[in-house]
Amino acid sequence: MAGARAAAAASAGSTASSGSPPPQEPGLWELLEEFSRTQYRAKDSGGKSGSKVERIEKRCLELFGRDYCFSVIPNVNGDICGHYPRHIVFLEYESSEKEKDTFQSTVQVNKLQDLIHRSKMARCRGRFVCPVILFKGKHICRSATLAGWGELYGRSGYNYLFSGGADDTWASTEDVTEEDFVLRSGDTHLFDKVRGYDIKLLQYLSVKYICDLMVENKKVKFGMNVTSSEKVDKAQRYANFTLLSIPYPGCEFFKEYKDRDYMAEGLIFNWKQDYVDAPLNIPNFLTQSLNIDWSQYQSWDLVQQTQNYLKLLLFIMNRDDDSGLLVHCISGWDRTPLFISLLRLSLWADGLIHTSLKPAEILYLTVAYDWFLFGHMLVDRLSKGEEIFFFCFNFLKHITSEEFCLKTQRRKSLPTRDAGFTVEDICMLRHKDRGSTTSLGSDFSLVLEHSPGAVGSFSYETVELAPAGAPTQAAWRKSHSSSPQSMLWSRPQPSEERLPSHHGLTEAKSSSSSSSNHSDNFFRMGSSPLEVPKPRSVDHPLPGSSLSTDFGSWQLVSGCGSIQDRPVLHTDSSLPFSFQDELPNSCLLTALSDRETRLQEVRSAFLAAYSSTVGLRAATPSPSGAIGGLLEQFARGVGLRGTSTSTL
């Protein structure tokens with residue numbers, strides 16, 4: 001545990017070592033202070049707090065307007081929903097001329113508003129299906145789960161159903177079955193009516209996939225079923241949708257995350273609890289292309305579970321159809337914003353949405369819109385230690401790898417094989433694969449391709465190495481462009497895989513590829529240091545390298561390290577590579593990618609702002625003080641704070 005805490009502290013301090021604070025969004029600290037002080041309510045628009053909320057709302061509209069043409073659905077005073085934004089943004093199309101011609105919404109806002117008003121009572125707390133992300137013309141939506149009879153009738157009568165959901169208290173109701181109550185009410189068509197409008201809204205938004213994060217089939221409160229879900233609708237009203245039951249722990253579980261000094265690795269949910277009755281259920285056509293053993297989901301820790309669910313959601317959105325996606329939990333303000341935020345940030349990091357926003361700006365938009373304005377109760381969660389909000393942005397370090405990337409790679413003559421590698425991977429070839437820049441008698445193909453934003457790549461355009469048996473030649477063509485590039489290598493799969501066992505090496509598990517599928521494509525163990533050119537000395541290693549040593553005019557970088565400077569190769573020189581006899585059939589070693597850089601900047605900006613406003617609450621005093629001083633160390637290192645004034 002102490003080692004894990006030290007690693008976390010080192011991660012936070014890596015940016016601090018650069019001596020410059022991460023870029024900050026004006027107003028982010030004010031947003032976090034307001035967020036940690038009170039829960040947002042659409043009807044509370046007066047006074048000092050109201051002016052702050054107005055600034056937050058205005059800033060969100062500005063940030064959406066950078067890249068999208070959108071309409072605003074008014075929710076003044078919470079007329080539609082008391083804990084949805086007062087200005088609900090409906091994204092119509094990207095404002096760039098290219099994207100405008102490619103994807104354009106066919107939704108009429110007036111009709112959408114009408115369906116929203118009619119369908120709002122169908123879902124828990126009036127939290128209707130709301131589109132929040134536009135990707136390739138498809139809407140990613142959020143909502144609460146379906147309201148059960150207990151909510152429909154058990155609050156303050158029918159008046160509540162049309163009041164905008166201002167009253168969140170639960171009323172006592174006789175514990176009878178849903179069927180009995182419907183018969184007693186004399187309105188046997190009530191569920192057909194309200195859920196029928198909900199279905200019409202989903203269809204109007206072209207939503208086909210519904211992802212249910214609940215660990216229960218129905219939420220039981222005060223001895224009665226207060227909510228339901230699409231997967232247990234007795235009338236099978238949602239049979240035409242693709243329903244996915246992907247149970248994920250509720251906010252209560254994140255108290256254990258906090259009590260473990262904010263370490264998610266090794267934290268496994270107890271699936272044997274009495275109230276947990278919703279098994280994982282995903283259609284086969286969605287799982288066949290993902291190298292994940294879904295039958296083992298109950299053995300995944302929090303990191304693996306979150307990673308695999310995010311991969312599934314990204315895969316669904318990247319399918320070649322026009323179908324949208326709905327993500328929901330029970331109330332839709334804890335687990336739902338977690339995955340909506342991760343989807344938004346992951347797609348942004350790939351340059352696929354919000355393309356003009358900087359890291360600090362996308363962070364502000366995500367915190368403000370996905371969490372604050374959609375009613376996450378941060379004050380209550382902090383008081384209980386249920387820090388799912390902090391987990392979300394701290395988790396970005398686990399999704400930096402290319403396995404989460406949806407950006408299409410532009411390849412030049414790459415054989416159809418599984419693994420992709422950078423130039424460093426040549427160093428990992430077996431002895432029989434050794435060669436030079438002019439003659440390589442090996443059994444692999446190598447292609448250099450553009451990888452926008454990659455750090456430390458060669459400024460050469462093409463390298464092609466032919467398979468064994470053919471005349472082999474590698475030509476380096478110097479490029480006038482400064483755009484970064486990467487190198488991909490694939491070779492036949494051997495019948496057996498063995499990880500190398502080298503004396504004196506330490507195990508290094510990549511936090512961004514700790515998925516439970518144990519894919520062969522991803523590096524997991526430390527390997528012998530490999531040589532890469534070092535044109536000049538480097539004072540500070542890049543974050544992510546586990547071993548870095550200077551050796552003459554070369555720099556030794558471990559298998560999971562990154563090239564720290566742009567190396568220079570000459571056309572008349574041999575590649576200064578060393579090889580190993582026994583290595584895994586495939587592994588992934590990358591320079592710091594554009595995706596990783598962007599997500600790291602978002603996470604760093606969040607930690608800096610969070611440390612100065614909210615701060616971490618240590619569960620128990622730690623002798624090492626590692627977690628207690630995690631954010632404090634970060635803030636001091638980047639010059640954000642002189643002396644501590646709050647308890648972290």
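Backbone N, Cα and C atoms are what each Cβ position is placed from, and that goes for glycine too.
Noted in Swiss-Prot for the protein shown:
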type	residues	note
ACT_SITE	Cys329	active site, phosphocysteine intermediate
COMPBIAS	1-19	compositional bias 'Low complexity'
COMPBIAS	494-506	compositional bias 'Basic and acidic residues'
CARBOHYD	Asn225	N-linked glycosylation site
CARBOHYD	Asn240	N-linked glycosylation site
CARBOHYD	Asn517	N-linked glycosylation site
MOD_RES	Lys193	N6-acetyllysine
MOD_RES	Ser516	phosphoserine
MOD_RES	Ser528	phosphoserine
MOD_RES	Ser578	phosphoserine
MOD_RES	Ser622	phosphoserine
MOD_RES	Arg636	omega-N-methylarginine
REGION	1-27	region 'Disordered'
REGION	471-544	region 'Disordered'
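Put simply, Asn240 (N-linked glycosylation site) is 17 Å from Lys193 (N6-acetyllysine) when counted between their Cα atoms. In the three-state DSSP classification, Cys329 (active site, phosphocysteine intermediate) falls within coil. Taking the Cβ of the residue listed as 'active site, phosphocysteine intermediate' as centre and 10 Å as the limit, one finds 28 other Cβ atoms among all the protein chains shown.
Rounded to a whole number, the C-alpha distance linking Cys329 (active site, phosphocysteine intermediate) with Asn240 (N-linked glycosylation site) is 20 angstrom. For the residue listed as 'N6-acetyllysine', other Cβ atoms within 10 Å of its Cβ number 13.
DSSP classifies Asn240 (N-linked glycosylation site) as coil under the three-state reduction.
Counting Cβ atoms from all protein chains shown, Asn240 (N-linked glycosylation site) has 11 others lying within 10 Å of its own Cβ.
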